[in-house]
Each structure stands twice: as structure tokens, then as C-alpha cells.
């Protein structure tokens, strides 16, 4: 069966001109690589958490991978010391979907005015959580060991606004009268907070004292989030649109009925089990575990999803497309040969061998694949720029459709003998998704 898959792969990659196309109108071409020197992603390396908040974010956006330009997605690795936090912040241009690789995190976000409701959850290894675009959110390592997370974001350049830095550490400073009134704090407290965040930390500064400052600011902001939280407009038009099956208790938005946002709960933005390996005992030697709107109803309207891909030695995620999403993939374990084919008339194969910590981008709508060239199992995490990216496995669609495509069409399209087409159509085409 793997021999059949290889034969089809060769034929389809050579004749991809009949199948590959770019998304229109955004982007208007297969790739729009920003002109600059690329930087090493290095997502296998731990970030330096020796700082007052005891966390570190390693960013992989259009600054690090120029090929992300116009493709609407990026990725980060976040490292946390015990009791380290990624302090309250927003991404003005992106929804975030995060999975815990190691450790235990307490996470949450605050909905917009007038409710300003905190939706929070404790996450363990393999758990997934969604932070809707533009809302104040945080992660805090409640464990006694280091924690690591990977997050996908639905923008090539999501932006970050760390709340305390923006409000109390702006340059020039916001007038103290504004802040005392907004946060109902004494002017001396505001002055202290502004001086703490504006003055560089000296070697004699106490990390515990600095963390106390961050904690004080965090409490003030989460309690008074009403003055800061807002939903992104015009898409989506509300903080959350949690998909439901009961149209009598919902409104219809973006292909799904959604519940009243006031009834949204943490479990609507949560998925557990991404640490569990998929079953690769199949003809292609791979398994995809998706985390999209079917698994996390709160992803509805938020334009992002996640997947775990497991590969046996020499396992293949066969040539396929995502008709509605760009994919950004990071290798957690193993060595993968990956590539995509550009659209007509060039049909150029752009490929790379990826090792642990490497990141690669597959532009929306283009045929792409991953192949484990190592002697050991491989694992990857991918973020996709749609709540429901769709998958079209080329061999399955062309040779395994129901009812079958006319043999005359396929013999002419692929310049194959009728007997070969008959054999391929009669074969069983495995779906690893």
C-alpha cells in the first residue's frame, strides 16, 4: 500500500499543475515573501526566564519567517519558571490557541464591557485553550516545575499590548490624574507603579519585590478590566460565538448557531488530550489529531485551529491541501522532509528537511506534505488560520472519490494507462485525519 501511495505521490507532485491554485483575493499569489534575511526559529530552545515575571516568549512571526507575509498566522513558544506568568496582555490583531507541552498553567481571559467576566481554567500537559482576539488574557504557572507552551496566532504580526507596561510604563507617561481616576488608586501608588515600570531594574532590585509590583498591577487590571477590554470589530462582532446545536437558543453566525455570550464558559474554549500520540498503524504511517471548531466550540468565528501530527518511522502525511487555511508547523520530535508546490504555471516544489524546533509554513490552498525520514517516531504541532481549515487529501479525492471520477478523465489528466487507473481506483485510500 505504501508503494501505491509513493506512486501516486510522484504522479501528483509531477502533475500538480492540474490541481494547485492560490487563494483569491487574499492573498493574491502563492507567496509574498518579505525581503529581509530570515532568522532561526529555534523553538526547541528554552527561553531565558530570569526576569521579574519569570517567563519568556519566543516569537515566530513575519519578522522571523518572511514567507508568512500575507498568510495570516504565526507561532510562539512560551517558557515559564515555577510561579512565572505571562502577564495580562492583548493581541490587537489575533486570536490565540495554546497547548501545554509541559507543566500546569492557570489561564484566563476577560470579556468586554459591560460584563467583564473572567473565564479561566487550569491546564495540564496536552490541554488546549483559546483566547479570543483583542481580549485581555494571561497564563500563570501554578506548578513547582518549569512549564512550556506552544501557541498559534491568527495574524502574521499579532501585536502584543502588555497592559501594565502600556498604561503605567508608557513613554511619555500618562498623566497621573488620569490613572488615579481610572483605577481608583492613590496618586502615590500610581507614581510608584509608574516609576517601577519606567526605571530599569538594577542588579540590587529584588525579584520578589518586582513580582509584587506585577501582582498588584494584575489585580488592579483584572478587577477593573471594564476600562480596557473590547471585542474586535467587524469580524467577529462579539467576544465569543460558541457553537451550539439548538437553533432555538441561538443566533446564526459564520456557519454555526452560537449561544448567548453571557452563557459562555471555560470548557467552551478548552480541549484535553493533545499530549496523547495518534495511532500510526495505518498504510501511510501517520495520524492527525485536529483541534478545530468541532472539538472547541468557542473557536467559532475566531479564524484559527490546531493539530497534532504523529509519524511512524518513514510515515507520511500525504500530499493534501487546506482550502481555507495557511498552516505553520513546528517539529517537536524527529526529522521531517516537508514541502509544497506553487500554482500554475510554475508548479515549483519548495522543500526543506526539518529537525526538532524547526518551523515551516505551508501557504493556503497549496498542495503540501510531510515525510518522516528518520528511524524514530516524529511529532509536530501545526496551527491553521481557520476554525475549520478543511483537508483535501489529493490521492483520496482524485482516485477514491464516491462515485469514482470517470476513468477517461483520469487517464487523460495523468497520462496513465487505463489498467493503472483501474488499479488505483480499486485500492483503499486511507484517511489519516
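Even glycines carry a Cβ here, placed using N, Cα and C.
Just so you know, TrEMBL annotations are computer predictions that nobody has curated.
Here is what TrEMBL records for this protein:
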- 1-22: signal peptide (SIGNAL)
- 41-191: domain 'Cupin type-1' (DOMAIN)
- 241-258: disulfide bond (DISULFID)
- 272-422: domain 'Cupin type-1' (DOMAIN)
- 317, 322, 327: oxalate binding site (BINDING)
- 320, 322, 327, 368: Mn(2+) binding site (BINDING)
Counting only residues outside 320, 322, 327, 368 in the same chain, those with C-beta within 8 angstroms of the Mn(2+) site's C-beta centroid are 321, 325, 340, 362, 366, 367, 384, 389, 391
Using C-alpha positions only, work out which of the recorded positions 241, 258, 327 is nearest to residue 320 (Mn(2+) binding site).
327
I'm trying to understand the geometry here, so how far is the Cα atom of residue 322 (oxalate binding site) from the Cα atom of residue 241 (disulfide bond), in Å to the nearest whole number?
23
In angstrom units, rounded to an integer, how far apart are the Cα atoms of residue 327 (oxalate binding site) and residue 368 (Mn(2+) binding site)?
10
Using a 10 angstroms cut-off on Cβ to Cβ distances, just flag whichever of 320, 322, 368 is the loneliest among these binding-site residues.
320
Would you say which of the disulfide-bonded residues 241, 258 has the most Cβ atoms within 10 Å of its own Cβ?
241
Cβ within 8 Å of the oxalate site centroid (317, 322, 327 excluded): which residues?
307, 320, 321, 325, 329, 362, 368, 382, 384, 389, 391
